[in-house]
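**Student:** As annotated by TrEMBL, domain 'DEAD-box RNA helicase Q' applies to 2-30. Annotated motif 'Q motif' per TrEMBL: 2-30, in sequence order. Sequence annotations record features per position, and here TrEMBL assigns domain 'Helicase ATP-binding' to 33-202. If you look up TrEMBL, you'll see 204-281 marked as domain 'Rhodanese'. What TrEMBL lists as domain 'Helicase C-terminal' is 213-379. Positions annotated as region 'Disordered' by TrEMBL: 382-481. The annotation compositional bias 'Basic and acidic residues' is assigned in TrEMBL to 396-466. For 467-481, the entry in TrEMBL reads compositional bias 'Basic residues'.
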């Protein structure tokens, strides 16, 4: 078995690792640390719970000096993930003198500016807030030695790629760069080709997704029966910590409220909550004051609680990779865990596609518990077909993204909710009034229709003037609801 000493890691780092129980490197750490220490760029395809945070941060700490200049930059898609990464690095760096700060939207600029003035060596940031600091000059990247893009595919989904390119252009060409992503879509590979220099690739087979160490099961039931069976699963878990995933923010709030009404200590995390409330919920869950955390997918990015024994998919995720991100919240750091998916009749097609990617036998709880599956006739023809859930939405980007008029992470056009539909928006994901070009096209089409109608029908002059008055109204003059 390889040790951190054999990898050449400094004693000050090893002391911090041993204090938190890191006796030997995980496979991804053993593979990537020597490459990064040699000064070569890395592409790593790694899922949550594999130890990738330690892989890139230990390498970074090895060659960073505590001289109060920013030498390491880690870019993450969400505030929760940025906070989690920062917390981990502080543990590793406890005896090194290296300081780390998290930079993200939703927290006051004053707090971040104060930390930056005192001097830090590593910045962990979400793209939008990092650009705010770059533009006002409170962060300089000219001394950066290491750059990490964590969960790059999520940043692509949230519309951050242009921001990432803008940021990377401000870093030295001599930096060592690593990119970690659960999937490798073409746009991510193009980004790597543009900014990474002869990277060493550690790519897992995309089909090799087993959820090792996790007992996986499913139960096909009516949607209205889900709460009943969720309560049974939680009771069987005997007060050990549970994470429940829902596809929409409304559903998240409803499930958490129902669990509290049933006597459970449940907290929720979803995109419409203020940063203070989100941090409070996570703190209660981490400290064990709450046994159950109900969350949406994006809001749950960065959840790293080793004691989680059960993950319940209250709703079937709409992508295979989302499923593996969810269940990866249990069985952390080599522990065992359990994941149960509650499958409504209308979601059987989606679930079957996910099931095909799983390399372990899933437990059929319908068979085990003797619960029949009686699919209504109108739905039978849809079973086996993929149905898309939570994909609708307006022009904005999901929580943590940008769009509309804003630059901050928490703004966007009409806003695509996390796993939900677009709407007129609340503060964090949505805002603004969409894309001007599409609105102008709408007005042009309206003008063409009205002019055609006027020419063909020869309405009265009074009616024509009324039509012209309506059509010629500028977009900015139109009533906003």
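Here the Cβ of each residue, glycine as well, is placed from N, Cα and C on the backbone.
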**Student:** With DSSP as the reference, give the number of residues of the domain 'DEAD-box RNA helicase Q' (2-30) in helix, strand and coil.
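**Tutor:** Going by DSSP assignments, the domain 'DEAD-box RNA helicase Q' (2-30) contains 13 helix, 0 strand, 16 coil.
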**Student:** Per-residue pLDDT averaged over the domain 'Helicase ATP-binding' (33-202) comes to what?
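**Tutor:** Residues in the domain 'Helicase ATP-binding' (33-202) carry a mean pLDDT of 93 in this prediction.
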**Student:** Where DSSP helix means H, G or I and strand means E or B, what are the helix, strand and coil counts for the domain 'Rhodanese' (204-281)?
**Tutor:** 34 helix, 16 strand, 28 coil
